[in-house]
Amino acid sequence: MGDNREALLGAENKYFENCPGCKVELLKETNPGIPFKHLLYVWVVVLAAALPISSLFPFLYFMIRDFNIAKKEEDIGYYAGYVGSAFMFGRALTSVFWGMIADRYGRKPVIMFGTFSVVIFNTLFGLSTNFWVAVSTRFLLGSLCGILGPMRAYASEVCRKEYQALGMSIISTSWGIGLVIGPALGGFLAQPAEKFPYIFANESLFGRFPYFLPCILISLFAFGVFLISCSLPETLHIHERTDKECDKLNDALVTSTGEPNANEKVRIVGRHPTSQQNLWKNWPLMSSIIVYCVFQLHDMAYAEIFSLWAVSPRKNGGLSYSTADVGEVLAISGCGLLLFQLFLYPLIERTLGPVMISRLGAVLTIPLLFTYPFIAMLKGLSLMFLISSASVLKNVLSVSITTGLFLLQNRAVTQKQRGAANGISMSAMSIFKAVGPAAGGSLFSWAQNRQNAFFLPGDQMVFFALNMIEVIGLLMTFKPFLIPPDDNVL
């Protein structure tokens, strides 16, 4: 009988034959070490999703200028904000949908579709010839690339509990590196006909489309990741059984293990899954999502503002950097971030806990941003050294905050709800991230027009506003607002 074929493999076990999720669980039980291969998969997939998000920021100022849509130089920031927000607005509309698909049909199909969408729409963005084409391709890329939510669930499912902090750290590291290496690539490789005229002629493809080179290289990397993702092991538990059998089985599993997380995710014929059941009433989950959204609003606004500020002229308080200079600063930031997340973060998380790390990150960010307008007064090597050091520290603090809140979100729900929970988190976060570039660009343009103001002139107002967002996020990390799933975390 079919029931006998799918019976538990031994009285003491809880694994089904031919279930991909059970195979992963059995591998975790028989191999108690760190799953290096699976974490490598996680790292490259998340990197492919993160690279295109902010790779445009170093050259976006020049791209908008080339579109000839801004009537004056001070207005470029407004239009840059709309292009920067299009990706996040698209992701906000579809993240819950992709989370539900991942809970219903598996993490792997969503991951493969998302990586392939990067290949298509990031390439088309590099070929944009006007403002509306740029906005449209970024919107479609955000709508169809629903990778991060399922990958956060995936990382927690391929790791034993003692390594889940490492899994979340891998995601945050890859994500953070993508958000700094992407702009570094954009800065180094944009306008290649101007930077490397002995290699790229003005009449060549890269001369006619000066922002295509960084986009096509990222797309080629994403295509390689798409091929790699074909060999990803699925972690979703798929047990084709009747309602009554599934209910009995799940009750038995919970009883035998004593842990709600052992209640496996079941695909039941003729009944829709209840992935989102009670998620909206789960305050440890919802509070961590809200705090996460506030910090992401800050981070996205900062990413937009930093690149605009760095390339803006010194007469307006900027650094007068080229796209290559911005790329160099961000490349240094990526290296520092990688070393910190791989070697220091797991140790710090075990010592302090995710909530305390988030608080410390927010506290240290505030005085750091206060120094930026004063760093702009420097020149030469001292300017490069200080701005690079500040950028490394800022990215380390931001990713530390993000990783801690990732852990809280995944610990607040059972495995069968993680896809939907991360989908809700991604949708909410994407709304705030869509606001971030638009608000950051508008704030930057407004500040550019008030250089002689009495109160916080020019860019001082920009970094003051960023600090106010950080203060709000910091205050929200305390009770009674943020309630961790385990009070011992505090």
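Positions of Cβ are set from backbone N, Cα and C atoms, glycine also.
Unlike curated records, TrEMBL annotations are generated automatically.
Checking TrEMBL for transmembrane segment across the ranges 167-191, 417-441 points to 167-191.
Counted over residue pairs separated by six or more positions, the transmembrane segment (76-98) shares at least 3 Cβ pairs under 8 angstroms with the transmembrane segment (289-309), which defines the two as touching. Counting only same-chain residues 6+ beyond the ends of the transmembrane segment (384-408), those with a CB under 8 A from a CB of the stretch are 152, 164-165, 168-169, 171-173, 175-176, 179-180, 284, 288, 291-292, 295-296, 299, 302, 306, 310, 319, 325, 328-330, 332-334, 336-337, 340-341, 345, 348-349, 353-355, 357-358, 360-362, 364-365, 368-369, 371-372, 375, 378, 473, 484-485, 489. Residues 39, 42-44, 46-59, 62, 148, 151-152, 155-156, 158-159, 210-211, 213-214, 217-218, 303, 307, 322-328, 330-331, 333-334, 337-338, 341-342, 345-346, 349, 391, 395, 398-400, 402-403, 406-407, 410 of the same chain sit 6 or more residues outside the transmembrane segment (167-191) yet have a Cβ under 8 Å from a Cβ within it. A Cβ distance under 8 Å defines the sequence-distant neighbours of the transmembrane segment (110-133), meaning residues of its chain 6+ beyond its ends; these are 45, 48-49, 52, 56, 63-64, 67, 69, 79, 83, 98, 101-102, 140-141, 144-147, 150-151, 154, 209, 211-216, 218-219, 222-223, 225-226, 229-230, 232.
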